[in-house]
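Feature list (source: Swiss-Prot):
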COMPBIAS  1-14  compositional bias 'Basic residues'
COMPBIAS  16-26  compositional bias 'Basic and acidic residues'
COMPBIAS  62-71  compositional bias 'Basic and acidic residues'
COMPBIAS  235-246  compositional bias 'Pro residues'
REGION    1-36  region 'Disordered'
REGION    61-80  region 'Disordered'
REGION    231-250  region 'Disordered'
ZN_FING   42-65  zinc finger
ZN_FING   85-107  zinc finger
ZN_FING   204-226  zinc finger
ZN_FING   254-277  zinc finger
ZN_FING   284-306  zinc finger
ZN_FING   312-334  zinc finger
ZN_FING   355-377  zinc finger
Amino acid sequence: MRKTEKMKRPHNSSHVKQEERADDSHSNSPASSKSIKQENLLKCELCSTVCSSISQLQSHTLSEHVPEKKPSISTSNSAPSTKRVACQQCEDTFEDFAQFAIHMKSHLSSVTSQLFFCPICPVGTPFRDKKSQLEHLTTQHLQIQVTQHICSICDSAFPSPQAQSVHFAEAHKKYSCTNCDFETENEKTFKEHSKQHSRQLIMYGCALCATSYPSQLHLITHVQMSHDQETFYPPSLPIPTPPSPKSTPKQRVLQCSVCDESVLGEDGLDEHRLRKHCKVRFADKCADCQEPLLNETSFVEHCLRHSKDHAHHCPVCRQSLRSDSQIHAHCAYHMSHQDSTSSTSSSPITNGFSFVCPICGEKLDDGFALIEHTKIHL
C-alpha cells in the first residue's frame with residue numbers, strides 16, 4: 001500500500017518562533033518601517049484578516065490556518081493528501097509550511113531591497129531605482145539655480161538685465177554717422193570722420209552796409225558801385241583782428257528764493273526779482289508820501305528822502321536797492337510807461353545807435369563816424 005503523504009509541522013517549535021522573532025525584529029528596522037508605510041495592506045486569502053506586513057501574515061497563517069496534527073496510521077483505503085500551502089504574493093504552492101516560510105522571506109527581502117529612500121526628506125520618500133532617488137536628491141535638495149545675463153560681445157556675466165544694459169551702453173558705445181554707414185567706438189575717430197562731411201565757407205562783409213559776399217572780388221565791385229562815386233580800387237587789406245576782451249571777474253550762480261530759478265550774479269538776481277516778481281508795473285506817485293513822480297530826478301529824490309540808515313528802497317514797489325544801477329533800473333521799469341507816452345509828442349530819441357562796427361561791435365551815431373572808425377582796423 002502507498003504511504004499517504006502528510007503535512008508535517010516542524011517538531012522544533014522554538015526554532016520557528018526564533019525565526020518569527022527574527023522576522024519581527026527585521027520588520028521593526030527603520031528601513032522596513034518605511035516600507036510598511038508605503039506598501040498596501042495584505043489580506044489573508046483563507047479568512048478576512050488584514051495584515052500590515054508579510055511577517056505578520058506568516059505568523060497569522062501559522063497560528064490560525066495550519067493546525068497541529070498527530071501522526072496516524074494510514075489505512076490502505078485512504079487517499080493521499082493533496083492540500084498544499086499557497087503564496088499570496090506569487091501564487092506558488094509548497095508541500096509544507098517550512099518551504100512556504102523560506103519562500104516568504106525571499107519576498108520580504110526583495111521588497112525591501114528594491115526601494116531607495118531619500119536621506120533628507122523627513123518622511124523618507126521611497127524610489128524604485130537609484131536613478132530616481134539621485135534625481136530627486138539633486139533637484140529638490142542640492143540644486144542651486146543661478147540666472148546670469150551674458151554680454152553678447154565680450155561674454156561678461158551680470159546678475160540682472162539692468163546691469164548688463166549699463167555695461168553694454170558704457171563699454172560698447174558706438175558713434176554712428178548720420179550721413180553714411182560709418183560706426184566707431186572711439187569718440188576722437190568719430191570727430192575726425194565728421195570733418196569729411198563738412199565744408200568751409202568764407203564770406204566777405206562790407207563794413208559800411210553790413211552786406212556779405214562769397215568772394216573778395218564781389219565785395220570790391222559792391223564798394224565801387226555803392227560807396228564810391230569815382231573809380232576806386234581798395235588795396236589788399238590784412239585781416240583785422242578784434243581787440244581782446246577785458247578780463248571780467250567770474251560771477252556766481254545765485255538762486256531766487258521765490259521761484260528757485262538760477263541766475264548769474266547779484267545784478268542778474270536783482271533784475272530777475274524786478275521783472276518776474278514785482279507786482280507794481282507802472283506808477284506815478286510815491287508809495288510813501290503819495291507825491292507825484294514826474295521824471296527820473298524826482299524818482300531818485302524820493303529814494304534818498306525815504307531812506308533809513310543809508311538803506312534805500314524803491315518808492316514804487318519798496319524793494320531794497322543796493323546800488324545806483326538798481327535805482328536807475330527801477331526808475332526805467334516803473335516810469336517807462338510815462339516816458340513812452342511823452343516820447344510820442346517829442347522829438348525822436350537822440351541816443352539810439354543805427355551803425356554798429358561788424359569787427360569790434362562798437363556802436364556809432366552815423367555812417368560817417370563808422371567810416372572813420374573802420375580806419376583803425378586797417
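Note: Cβ is positioned from N, Cα and C throughout, glycine not excepted.
Under DSSP, the residues of the zinc finger (204-226) split into helix, strand and coil as follows: 11 helix, 4 strand, 8 coil. Below 8 A, the CB atoms of the zinc finger (312-334) and the zinc finger (254-277) form 3+ pairs separated by six or more positions in the chain. Remark: secondary structure over the zinc finger (254-277) totals 13 helix, 5 strand, 6 coil, with classes taken from DSSP.
Mean model confidence for the zinc finger (355-377) is a pLDDT of 68.
When the zinc finger (85-107) is classified with DSSP, helix, strand and coil residues number 11 helix, 4 strand, 8 coil.
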